[in-house]
Amino acid sequence: MAITDFLAASDITSAINACKAKDSFSPKMFFKTVGLSKKSPTEIERVFKILDQDKSGYIEQDELQLFLQNFSKGARPLTAAETRAFLLAGDSDGDGKIGWEEFSALVKSS
């Protein structure tokens with residue numbers, strides 16, 4: 001299963017290009033640009049499972065840092081500040097990771 005099974009390659013390219021500069025990544029803007037916020041809960045869950053590299057049921061800090069590379073192999077890693085901001089935006093229960101419900105809520109708020 002690949003991200004491009006759910007999202008258009010042109011939307012992915014636009015979203016990646018919009019955050020090429022360091023400290024320019026915004027999760028909500030990325031989800032909107034890539035078209036994820038318009039997808040069904042099932043499609044969002046499938047994308048979540050791709051992002052959850054270790055299959056723990058959560059997206060942890062190290063997975064967030066490499067978030068963009070899941071969408072495009074040549075994309076840059078997120079900076080420490082971007083990773084922290086992403087985690088704060090998505091981690092509603094304060095456990096230091098983003099679960100499926102938290103991810104879905106963040107995507108849908110985009």
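Using N, Cα and C of the backbone, Cβ positions are placed for all residues, glycine too.
Just so you know, TrEMBL annotations never went through curation; they're auto-generated.
What TrEMBL says about this protein:
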type: DOMAIN; residues: 39-74; note: domain 'EF-hand'
type: BINDING; residues: Asp52, Asp54, Ser56, Tyr58, Glu63; note: Ca(2+) 1 binding site
type: DOMAIN; residues: 78-110; note: domain 'EF-hand'
type: BINDING; residues: Asp91, Asp93, Asp95, Lys97, Glu102; note: Ca(2+) 2 binding site
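Structural mapping of features recorded in TrEMBL.
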residue	record	Cβ contacts under 8 Å, 6 or more apart
Asp52	Ca(2+) 1 binding site	Tyr58, Ile59, Glu63
Asp54	Ca(2+) 1 binding site	Glu60, Glu63
Ser56	Ca(2+) 1 binding site	Lys97
Asp91	Ca(2+) 2 binding site	Lys97, Ile98, Glu102
Asp93	Ca(2+) 2 binding site	Gly99, Glu102
Asp95	Ca(2+) 2 binding site	none
Ca(2+) 2 site, defined by Asp91, Asp93, Asp95, Lys97, Glu102: further same-chain residues with Cβ within 8 Å of the Cβ centre: Tyr58, Gly90, Ser92, Gly94, Gly96, Ile98, Gly99
CB contacts for Glu63 (Ca(2+) 1 binding site) [other CB atoms within 10 A, all chains]: 18
Overall pLDDT of the domain 'EF-hand' (39-74), taken as the mean: 95
The domain 'EF-hand' (78-110): DSSP-derived helix, strand, coil residue counts: 20 helix, 2 strand, 11 coil
